Amino acid sequence: MSGLIHLQNWTFLWKVLSEDRCHTGDRDLPDHHSTMSTGVTHPNLDDWNTVCCFFRLPQLFSTCVAFSLVADMGIWRGNIGNWSMSIWCFCFAVTLIIVTVKFFDFESHFPLFWYNLSITYACYAAILCLLASVIYSITHVQFLPDGPLRDRATAATTLSCIASAFYAIDAFVWNYYWPEDIPCYVYTLPALLKVLETFVAGVIFAFLNNTSLYLHQPALEWCVAVYSICFIPTALAMLLKLGDWENILPVPFPIFQLGLTLLSVLLYISALVLWLLYQFYEEFGGQPQWSSDISCIDDLICTWIQRLAVAVLTAINLLIYVADLVYWARQVSIGTEDSPGTSDPLWSQEVSSLSSVIF
């Protein structure tokens, strides 16, 4: 009789262990007043899908109208205007895709990944629209003559600020509707660092549109390669975590992140040193002073200012990567990962109690 009980306990443990407790891709997200395995009641994520329409429609309207107003300015758009238009166009297109996917209920096939991706995009869009508003108003709008053109540019800047506010609210309110026992990567420290790393790299790429900053200079072309080399794996690491696919890696995710971040820190150090030497030291052909650049007399965002901006952004991103390195070094040193989705205390407690019953 005791042998039969022992066998039943082992069978029950095998069934529990074979159940995927960390992934929700094969089952629906909780409905209103439904409970997860912890027995906690959560607000309905479908309620948020209804609420989000009140945010995404203004997002679409604001970005579309801002783009249209600047596009109609013709030659008065300027390079900064074209750059701002690209941001508004990107935000409008991605928001439209999100609305379309929701309208046809495609997200039901990958709910956890889709909701994580939506929050991440809202964070990026809020920062991008705010950045476009600030840069466009400071470097272009104030230099336009009074009249219809300036009114258009001012209206576009205002709409961009409105879009940024709605994207920020979108990202913030998600935190209330998100079930507590479902991991949300975006609201963690490593996710915030990854967002900042990729965002700063994106701003650097915007300044590097001026190819005269680095062409035909191998050392500076290496700096551009560094920005690309570090950006792609960082974005890939975010994608793996958002989709909860880190288990496909041949090594534990903390070790993968540690190695990746260490490589990025070393590469960014080399890029910062080379960029400063070859852009601002006369011995290497650089221009140490702002007054040495003739284009700065008539253009606020002249070539020298762009060089300085890339140098400052490189230093900022290096500091972010160092903070990221410290975080993952700590995770590896203690042998655990604090980010959500990698451990479940209730799950561990349940397995421990079952083991004690069996043995």
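Backbone N, Cα and C atoms are what each Cβ position is placed from, and that goes for glycine too.
What TrEMBL records for 47-179 (among others) is domain 'MARVEL'.
Averaged across the domain 'MARVEL' (185-333), the predicted model reaches a pLDDT of 86. What TrEMBL records for 185-333 (among others) is domain 'MARVEL'.
The transmembrane segment feature in TrEMBL is assigned to 83-101 (among others).
For 113-136 (among others), the entry in TrEMBL reads transmembrane segment.
Residues annotated as transmembrane segment in TrEMBL: 156-177 (among others).
The annotation transmembrane segment is assigned in TrEMBL to 189-208 (among others).
What TrEMBL records for 220-243 (among others) is transmembrane segment.
The annotation transmembrane segment is assigned in TrEMBL to 255-278 (among others).
Among the features that TrEMBL reports, transmembrane segment is placed at 308-329 (among others).
Through the fold, the transmembrane segment (308-329) approaches residues 189-190, 193-194, 196-197, 200-201, 203-204, 207-208, 213, 223, 227, 230, 254, 257-258, 261-262, 264-265, 268-269, 271-272, 275-276, 279-280 of its own chain, all at least 6 residues removed from its boundaries and within a Cβ separation under 8 Å. Beyond the ends of the transmembrane segment (220-243), by six or more residues, the same chain brings 110, 113, 116-117, 120, 185-186, 190-191, 194-195, 197-198, 201-202, 204-205, 208, 213-214, 249, 253, 256-257, 260, 263-264, 267-268, 270-271, 274-275, 278-279, 314, 321, 339, 341 to within a C-beta distance below 8 angstroms of the stretch. Below 8 angstroms of C-beta separation, residues 83, 120, 123-124, 127-128, 131, 214, 224, 227, 230-231, 234-235, 237-238, 241, 257, 264, 306, 309-310, 313-314, 316-317, 320-321, 323-324, 327-328, 339 of the same chain, each at least six residues beyond the ends of the transmembrane segment (189-208), sit close to that stretch.
Here the domain 'MARVEL' (47-179) is broken down by DSSP into helix, strand and coil counts: 119 helix, 0 strand, 14 coil.
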